[in-house]
Each structure stands twice: as C-alpha cells, then as structure tokens.
Amino acid sequence: MEWSLRLLACLVGILPIGSFVRTKRDTTGNLLNTEVHSAPAQRWSMHVPAEVSAAAGEAAVLPCTFTHPHRHYDGPLTAIWRAGEAYAGPQVFRCAAARGSELCQTALSLHGRFRLLGNPRRNDLSLRVERLALADDGRYFCRVEFAGDVHDRYESRHGIRLRVTAAPRIVNLSVLPGPAHSFRALCTAEGEPPPVLDWSGPALGNGSAAVPGPGQGQGHGHQVTAELPALVHDGRYTCTASNSLGRAEASVYLFRFHGASRASALALPLGALGLKALLLLGVLAARAVARRRPEHPVAQDSPPRPQAQESNYENLSQMSPRDPPAATCLP
C-alpha cells in the first residue's frame, strides 16, 4: 500500500512538469511565428505633400522621399521628375548615379531651373525650382529607377500640386474696330488667384463682366479677359485688374472727328496732305535754284579773271632752275 502511494505521488509530480514543458514549447513557437509575420516587409512607397505654394519669381521646394524592398542598394539608379501627368507627363528633371556613388549627375533640367536637393542613396528625391513663373503652376510627380527588372522602379501616383501665386499684371490692352464704324476695347490680365477686371471711362460704370481669355483652354486659368463692347464717348478708358495680392491698371484714349458728313470729315486730312505736298514742292524748287546760281552768274559785264596769267605764275613758281627761260609767256 505504501509503495502504491509513492508511485502515485511520482506520477502527479511528473505530469505537471511535462505539461509545463509542452506549453513553453508551444508558446515559444507561437512567438517566433508572430515575429516573422508581424515584421514590416519593406515595400515601394512614395511620401509627398499634397500641395506646395510659392510666389512668382521666388523658389519652391518639392519634397519627396521613398522606401524600397531592398535592405541595401548601391547599384546604378535614376531619379526623374515629371510635370502634368504621372507616368506619361513630360520630364522636367532627370539625374543618374553610378554604382556606389552618391552623386546624381544631372542629365536634364528644364530651362536650368530645376535642381535636386535630396540624396537618392538616402531615399530622398526632393527638388528645388528656381525663378517661378505662373506657367510652372501644376502637378509634379517624382520617380526612382534601380538597375533591375520592371519591379525595381516606382513613381508617385498623385504627385504634388505646385501653386504659384502672383499679383495682377495687364498683358494686353487694345482698341479694335467694331460694327457700323464703332470701336470696342479688350483688356487681358494674368495673376493667381485669377484677377477681377473692371472698366472705367466717360459716362461708363465700373464692373464689366470678364470672359475667358485666350489660353484658358490650354490650362492657363490664371489669365482672364474683359471686353468693353462699345466705346460711345471720346476720352480715357481704364482697365483695372485686382486680386488678393494687389492691383494693376492701364488706359487707352479714344478721339474721333465729329463732322457734318463723312466727306467733310475726310476733307481735313486730305487738305493737310495737299498743303504738305505744296510745301515739299516749294522746298525742292528752292534747292534747284540754289544749285544753278554758281553756273550762271548774274553780272555778265564784269571782266574775266586773268586765269592764264595766274596759271603761268603758278607754272613759274613750280619750275626748276634748270628749265630754259623760253618757257615764260610774253605779252
């Protein structure tokens, strides 16, 4: 009986120990699997801001960083920036780095105004744009290519919106002929935000409606045109462009002849042209008379000048002492 109790106690002590060991092994195995599956797999990705804003004439920085599936890559790479559209838009910047080099040699920089700020070896493709213009307004896309298969390249899909701001500037102001001998005026200005155009002039109220200007259909939404359809009175007409950054204005003057009839209106310019023609003929005749006076002297009875004696005298003065005295002319 005592031997049976000892055997039972041993079995009781062994079972908990075996259970503990099995649980420990299971738990360790589960932890290892969790580490393998939960470790973040490095994948291709691009990190860019949604929008960057800068004023015309200044510089802007377009940030772009990326990740790739390689732990370390020192092979050849190419950094590219596009404008307008991902994958198919025109390239504005491109540089290439040789194997093991951190220097990305510039191969393309549109108008020389695009410069790489980041280091592609350190997953940074940030770009700097110098001397901004309103035409630079738009969306830009960064891209990196490794010297591998088609899976070793990546490009941002949404890109960065570069917003260029500018105070208004009037780029064209003109007066054009209209129907029935009338005139109309056109004023075109650019700016960002797009400016509001107003006309002012003699017996004219402000606030004429702006219509889409030429070029807006090509994506230049910062340009607007306002038309003044009829210039009724003579005088000064002023176009004013304004937005949140400032204002600009320009003026044209209109003066017309007011005659009783069209024939009388034309009589004045034709008469002026005839008078100018008569004056020109008189000047030409006076010049012709002045040129003929030396050829026909007025005093015909005056004795002629002794040119022969003067000639002989000059010959004598220029003769050498060896010439014979018979060369003189006696009376």
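For all residues, glycine too, the Cβ spot is worked out from N, Cα and C.
Copied over from TrEMBL:
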| type | residues | note |
| --- | --- | --- |
| SIGNAL | 1-23 | signal peptide |
| DOMAIN | 40-145 | domain 'Ig-like' |
| DOMAIN | 168-253 | domain 'Ig-like' |
| TRANSMEM | 266-286 | transmembrane segment |
| REGION | 294-331 | region 'Disordered' |
| COMPBIAS | 308-320 | compositional bias 'Polar residues' |
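Restricting the average to the domain 'Ig-like' (40-145) gives a pLDDT of 94. Across the domain 'Ig-like' (40-145), DSSP helix (H, G, I), strand (E, B) and coil residues number 9 helix, 48 strand, 49 coil. Residue counts for the domain 'Ig-like' (168-253) under DSSP (helix as H, G, I; strand as E, B; rest coil) come to 3 helix, 53 strand, 30 coil.
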